[in-house]
Amino acid sequence: MTPYRSRTSTHGRTMAGARGLWRATGMKDEDFGKPIIAIANSFTQFVPGHVHLKDMGQLVAAEIAAAGGVAKEFNTIAVDDGIAMGHDGMLYSLPSRELIADAVEYMVNAHCADALVCISNCDKITPGMLMAAMRLNIPTIFVSGGPMEAGKVVLGGTERSVDLIDAMVVAGDAKVSDADVETIERSACPTCGSCSGMFTANSMNCLTEALGLSLPGNGSALATHVARRGLFEEAGRRIVDLAKRRYEHDDESTLPRAIASFKAFENAMSVDIAMGGSTNTVLHLLAAAQEGEVPFTMADIDRLSRRIPHLCKVSPSTADFYMEDVHRAGGVMGIMGELSRAGLLHEDLPTVHTPTLKAALDHWDIRRPVDDAVRAFFRAAPGGVRTVVPFSTDRLWDSLDDDRETGCIRDLDHAYSRDGGLAVLYGNLAPNGCIVKTAGVDASILTFTGTVRLCESQDEAVARILGGEIQAGDVVLVRYEGPKGGPGMQEMLYPTSYLKSRGLGKVCALVTDGRFSGGSSGLSIGHVSPEAAAGGPIGLVEEGDIIVIDIPARSIVVDLSDEELAARRSAMEARGRAGWKPAKPRKRAVSPALRAYAALTTSADRGAVRDVSQVER
């Protein structure tokens, strides 16, 4: 039997003071000796994906108490990437991931909690909590707030679904009237929950499910549907069971590092590739793997991207399907079921809810014989009412989407492509790799040669696009926006949205050492590593250079000889401290907090995690 961690502060004469403090929180004699379960909530009124989470911690806590545990809730911060987008607020988004990971670690270790429930939802919150879970390696379950419903709008007499990206795109299109822009704006985000497409938030919540760290349906059940309530309640019950198995029966299969093993990371990345998830997931999975000492790297992602088919295309890659449609088609379990039938999944792995993934698929994959309760769960439908109230609808679809030929989730024989929705490119521009979401790239530009239009910041890129300087055949190259150079690795959602609104989405490329929102599509290549501020070749490119992109060959090169690149590098190094910095001044206030982040962070190929060895002696 492994002693409960919490005994450090609850047992023994010398802990009388600590017990006195525990009693002041409401604990009674009979509570000492029970597992203490930390609930990391992320409620905030700033973020629609988190605005409904205020009472979720206590919902989980009630189930923990009923199952024989003691629940203690705390909160983390949560940044809304959409609100922080397009201005200096975005500098803080990625660094907030590290703050969240640290906050969870600090609270759990300072108070010797035995296990953890992570209530997350949006872009950096789920990754930050995942990093913390892998560091701490105590029993952990994730339960997210769920996706929002897709918006509905009637324009020109036709109803169609819309989301946040539609509002951004039409706002940059001078041909769209102010009235229509306002109509879409008012319709784009109708409910609480994470934005309704396969953007970063929903991608990451799907991937915690694929890793085995959350319950079936976590990635896809709508925030507004009563079906999600059951996930919170079940998480409270199961975490107590996991804690007792770990400490009372020495069952190490309950630990995050046992569940989220190398094979589980392969599974999660395979799901990501199959569903054409956000490119940010690459960054976050690499970071989580490093925290858990799992040797999962860009090379593994490259290998998987060449063999995993693209089975699911969701907004922003199409206007036909949204997260509510993914759920109706069976959710993550439906995608994993197709990968299983194709022989592309490790199934002998534990999860927080079943001894093996195979057992989970046997129960939850809608194309296998499943019971009526499972079928009803995946029929959970949007209520179609503007609301910030969770669990406010019990509406059901009339039927499931089990069409694997043309439905939301396809089988191997009807895949969009035999290689997946994400790809890693290498070449003299990105020796350590870069990422492209191929699910969002038009087939006509899978190979592309273009002329560099050099931008030393996202702001300059926006100005050049809206100013009419970018033409068909151009490569908008945005540098010094990486983790160190930004700092903070800004998302380039506005530049990609404005390229689309200007009719350039299928005739231009955007290449950057920054990153892209999960809402970006088009030939958008990010995470170029090493970044410019770290001495990467992207810092040597000049206006008018030619870049050659070949996605099928997984290649990206600037058309320069090795000798020319070496000469440019020598000239850059000769500038001393002035080298490897933007050639043009930027109006950007970088606070001491951001400078500290920049001093410790690494390039995207390492997940932009901190490397404290840079300052250790």
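Glycine too: its Cβ is placed from the backbone N, Cα and C atoms.
Per Swiss-Prot, the features are as follows:
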type	residues	note
ACT_SITE	S517	active site, proton acceptor
BINDING	D81, D123, K124, E491	Mg(2+) binding site
BINDING	C122, C195	[2Fe-2S] cluster binding site
MOD_RES	K124	N6-carboxylysine
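Sequence-ordered, the extra residues of this chain that approach the Mg(2+) site, with Cβ no more than 8 Å from the Cβ center of D81, D123, K124, E491, are V79, A84, M90, S93, L94, C122, T200, A201, N280, S517. In the three-state DSSP classification, S517 (active site, proton acceptor) falls within coil.
Note on D123 (Mg(2+) binding site): other Cβ atoms within 10 Å of its Cβ, all shown chains, come to 34.
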